[in-house]
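Asker: Grabbed the feature section from TrEMBL, which reads as follows:
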- 6-379: domain 'Serine hydroxymethyltransferase-like' (DOMAIN)
- LEU117, GLY121, HIS122, LEU123: (6S)-5,6,7,8-tetrahydrofolate binding site (BINDING)
- HIS224: site 'Plays an important role in substrate specificity' (SITE)
- LYS225: N6-(pyridoxal phosphate)lysine (MOD_RES)
Amino acid sequence: MTLTATTDLEVAELLRAEEEFQASTLRLIPSENYVSPAVLAASGSVLQNKYSEGYPGRRYYEGNQIVDRVERLAAERATRLFGVDHANVQPYSGSPANLAIYLAFAEPGDTILGMGLPMGGHLTHGWDVSATGRWFRGIRYGVGQDGRIDLDQVRDLALAERPKIIFCGGTAIPRTIDFAAFGEIARECGALLAADISHIAGLVVGGVHPSPVGHAPVIMTTTHKTLRGPRGAMLLCDADRAKAIDRAVFPGLQGGPHDHTTAAIAVALGEAARPEFADYARAVVDNAKALADRLLELGYDLVSGGTDTHLILIDLTTTGIGGKPAAKALDRAGIVANYNTVPFDTRKPFDPSGVRIGTPAVTTRGLGTADMITIADWIDRVIRTGDEERVRGEVAELMAAHPAPGLPA
Ligand SMILES: *Cc1c(COP(=O)(O)O)cnc(C)c1O
């Protein structure tokens, strides 16, 4: 059954409006995507009606015969797809999944090394305002003047500070992450390396970004970004750490898992195991490179000078235009992006110099490299000449020709 005017007029109207908004706009938020109708169906299924604290075969509730099979299936698909010993598919989302890593392998007050938030890291890698920065001693590494992760700095900090855990991965990293180098540093200083591949999990599965497996004994990923699943997360690890991870997720941090999400994760992992998904991942990166190349031609500065991944960080410092007014102008033109700090930002964090864009969602809608030229030109027209209204019309026209999965055409 779908939500209609007779069941709840107010919410039905809001959902209809959101569908129309998503259908007609161009989404360049690098952490967003469109899930398939099958993923949508699983997450809107009768598994909403369950409680299943515990793990398959070891539940605190009766009536989980089928739920056990759903969770085992999701975990099996995850271990096979990523090539790991163990997968915990219960974390509610990426932030609580990272918290489980702390709970499993560190004590409050321990030193944690992570990428600084303004450099492209995530809040949960020990940043001040996060619980992880308040309850642990967060030390931060960043990028060099070339915009690439400064591995010498990572090594120096690791050897000087002897962190319990080193996090690699982040939210605004346009370049390939050298998991092997991080693994070596972690071994040298006796830290646990946790790879947070939330942004790039789909690229890893699709074979267009190296895998952290073999370098990071613990891996966290959200399931809703390039992996194109429901909102949720997974923890992947070697056999030695399976028990500690499971205990940290439940009963350490969470109660009942969201079984509807588990089913949807299973569906998404099934989709990601198909050969077409590797084509998708390749197209995401090809599109990002085409978009970056055109922006460079148009005279824009990009952090690190380009991209190896799905993500581009435009540095507007030399244009004198703030990232926030630029992102708001793009939004009015139907191009959804977000303002972001750039490394060594000269502006304030709430009004930074960068705009962060990415290609996972537009690639899911079937746009190709020729369309990326068009998109770069639109971005330029909006930012430099304020041509919002005409661009809005052209965006709507292109998007109408490329319906998204799960949205009414
Ligand atoms: C998105 C993200 C998270 C957090 O995920 P939520 O589901 O938003 O809590 C953690 N780490 C990285 C690197 C991310 O990109």
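Cβ atoms are placed via backbone N, Cα and C, with glycine included.
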Asker: For HIS224 (site 'Plays an important role in substrate specificity'), what is the secondary structure by DSSP, using just helix, strand and coil?
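Answerer: DSSP assigns HIS224 (site 'Plays an important role in substrate specificity') to coil.
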Asker: Taking the Cβ of each of the binding-site residues and counting other Cβ atoms inside 10 Å, which one has the highest number: LEU117, LEU123?
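Answerer: In terms of Cβ crowding, the pick is LEU117.
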Asker: Near GLY121 ((6S)-5,6,7,8-tetrahydrofolate binding site), which residues of its own chain have a C-beta under 8 A away, given they sit six or more steps off in sequence?
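Answerer: The list for GLY121 ((6S)-5,6,7,8-tetrahydrofolate binding site) reads GLY114, MET115, TRP127, ARG140, PHE167, GLY170, THR171, given in order along the sequence.
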Asker: Measuring Cα to Cα, how many angstrom lie between LEU123 ((6S)-5,6,7,8-tetrahydrofolate binding site) and LYS225 (N6-(pyridoxal phosphate)lysine)?
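Answerer: A Cα-Cα distance of 17 Å.
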Asker: At the Cα level, what's the spacing in Å between LEU117 ((6S)-5,6,7,8-tetrahydrofolate binding site) and LYS225 (N6-(pyridoxal phosphate)lysine), rounded?
Answerer: 19
Asker: Which residues in the same chain, at least 6 apart in sequence, have a Cβ under 8 Å from the Cβ of LYS225 (N6-(pyridoxal phosphate)lysine)?
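Answerer: PRO30, SER31, GLU32, ASN33, SER198, HIS199, ALA201, GLY202, PRO360 - these are the non-local Cβ neighbours of LYS225 (N6-(pyridoxal phosphate)lysine), listed in sequence order.
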Asker: Excluding LEU117, GLY121, HIS122, LEU123 themselves, which residues in that chain have a Cβ inside 8 Å of the centre of the Cβ atoms defining the (6S)-5,6,7,8-tetrahydrofolate site?
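Answerer: The surrounding set, listed in chain order, is GLY114, MET115, GLY116, THR124, HIS125, TRP127, SER130, GLY170, THR171.
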Asker: Measuring Cα to Cα, how far is HIS224 (site 'Plays an important role in substrate specificity') from HIS122 ((6S)-5,6,7,8-tetrahydrofolate binding site) in Å?
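Answerer: Checking the Cα atoms of HIS224 (site 'Plays an important role in substrate specificity') and HIS122 ((6S)-5,6,7,8-tetrahydrofolate binding site) gives a distance of 16 Å.
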